[in-house]
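> Please read through the structure below; I'll follow up with questions.
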(Lines of atoms letter the chains of each structure in order from A and count residues from 1; the text may use other names and numbers.)
(Lines give C-alpha, C1' and ligand atoms only; values in the text may rest on other atoms or scores of the structure.)
Protein backbone atom coordinates (compact mmCIF):
# COMPACT_ATOMS: atom_id res chain seq x y z
CA UNK A 1 0.00 0.00 0.00
CA UNK A 2 1.38 3.41 -0.95
CA UNK A 3 0.71 6.60 0.99
CA UNK A 4 -1.89 8.85 -0.58
CA UNK A 5 -0.94 12.40 -1.44
CA UNK A 6 -3.44 14.90 -0.14
CA UNK A 7 -4.46 17.24 -2.96
CA UNK A 8 -6.92 19.24 -0.90
CA UNK A 9 -5.89 22.83 -0.24
CA UNK A 10 -4.62 23.41 3.24
CA UNK A 11 -6.28 25.95 5.45
CA UNK A 12 -4.14 29.04 5.90
CA UNK A 13 -2.13 29.00 9.08
CA UNK A 14 -3.19 31.47 11.70
CA UNK A 15 -0.81 34.34 12.23
CA UNK A 16 0.51 34.68 15.75
CA UNK A 17 -1.11 37.57 17.54
CA UNK A 18 0.32 39.81 20.18
CA UNK A 19 -0.44 38.54 23.63
CA UNK A 20 -1.91 40.76 26.30
CA UNK A 21 -0.35 41.13 29.69
CA UNK A 22 -0.91 38.12 31.93
CA UNK A 23 -4.21 38.25 33.76
CA UNK A 24 -5.80 40.95 31.61
CA UNK A 25 -7.87 38.58 29.48
CA UNK A 26 -9.47 35.20 29.94
CA UNK A 27 -10.90 32.69 27.52
CA UNK A 28 -13.45 30.04 28.37
CA UNK A 29 -13.98 27.15 25.96
CA UNK A 30 -17.27 25.35 25.66
CA UNK A 31 -17.27 21.68 26.57
CA UNK A 32 -17.48 20.66 22.91
CA UNK A 33 -14.62 22.92 21.88
CA UNK A 34 -12.49 21.80 24.80
CA UNK A 35 -13.07 18.20 23.72
CA UNK A 36 -11.99 19.03 20.16
CA UNK A 37 -8.82 20.68 21.43
CA UNK A 38 -7.90 17.64 23.53
CA UNK A 39 -5.62 15.21 21.68
CA UNK A 40 -6.89 11.66 21.60
CA UNK A 41 -8.26 8.83 19.56
CA UNK A 42 -11.93 9.63 20.16
CA UNK A 43 -12.42 10.33 16.46
CA UNK A 44 -11.20 6.86 15.45
CA UNK A 45 -13.61 3.93 15.58
CA UNK A 46 -11.12 1.45 17.03
CA UNK A 47 -13.56 -1.47 16.84
CA UNK A 48 -14.15 -0.86 13.12
CA UNK A 49 -10.40 -0.56 12.47
CA UNK A 50 -9.75 -3.86 14.25
CA UNK A 51 -12.57 -5.56 12.33
CA UNK A 52 -11.11 -4.33 9.03
CA UNK A 53 -7.62 -5.48 10.03
CA UNK A 54 -8.96 -8.94 10.87
CA UNK A 55 -10.89 -9.14 7.58
CA UNK A 56 -7.76 -8.18 5.62
CA UNK A 57 -5.63 -10.64 7.57
CA UNK A 58 -8.13 -13.47 6.96
CA UNK A 59 -8.66 -12.60 3.30
CA UNK A 60 -12.33 -11.86 3.95
CA UNK A 61 -12.43 -8.18 3.00
CA UNK A 62 -14.57 -7.73 -0.08
CA UNK A 63 -13.91 -4.63 -2.17
CA UNK A 64 -16.00 -3.35 -5.04
CA UNK A 65 -13.18 -2.57 -7.47
CA UNK A 66 -15.64 -1.10 -9.96
CA UNK A 67 -16.82 1.41 -7.37
CA UNK A 68 -13.22 2.30 -6.53
CA UNK A 69 -12.37 2.76 -10.22
CA UNK A 70 -15.46 4.93 -10.78
CA UNK A 71 -14.51 7.15 -7.83
CA UNK A 72 -10.94 7.50 -9.12
CA UNK A 73 -12.17 8.47 -12.59
CA UNK A 74 -14.65 10.96 -11.13
CA UNK A 75 -11.93 12.50 -8.96
CA UNK A 76 -9.56 12.79 -11.94
CA UNK A 77 -12.28 14.40 -14.08
CA UNK A 78 -13.12 16.86 -11.32
CA UNK A 79 -9.44 17.72 -10.90
CA UNK A 80 -8.97 18.28 -14.63
CA UNK A 81 -12.09 20.45 -14.89
CA UNK A 82 -10.85 22.70 -12.08
CA UNK A 83 -7.57 23.37 -13.90
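Placement of Cβ uses the backbone N, Cα and C atoms for every residue, glycine included.
Sharing the features that TrEMBL gives for it:
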{"type": "REGION", "residues": "1-26", "note": "region 'Disordered'"}
{"type": "DOMAIN", "residues": "26-74", "note": "domain 'Anti-sigma-28 factor FlgM C-terminal'"}
> Let's see if you can do this one: DSSP helix, strand and coil counts over the domain 'Anti-sigma-28 factor FlgM C-terminal' (26-74), in that order.
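Summed over the domain 'Anti-sigma-28 factor FlgM C-terminal' (26-74), the classes give 29 helix, 0 strand, 20 coil.
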> Restricting attention to the domain 'Anti-sigma-28 factor FlgM C-terminal' (26-74), give the mean pLDDT.
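The average pLDDT of the model in the domain 'Anti-sigma-28 factor FlgM C-terminal' (26-74) works out to 87.
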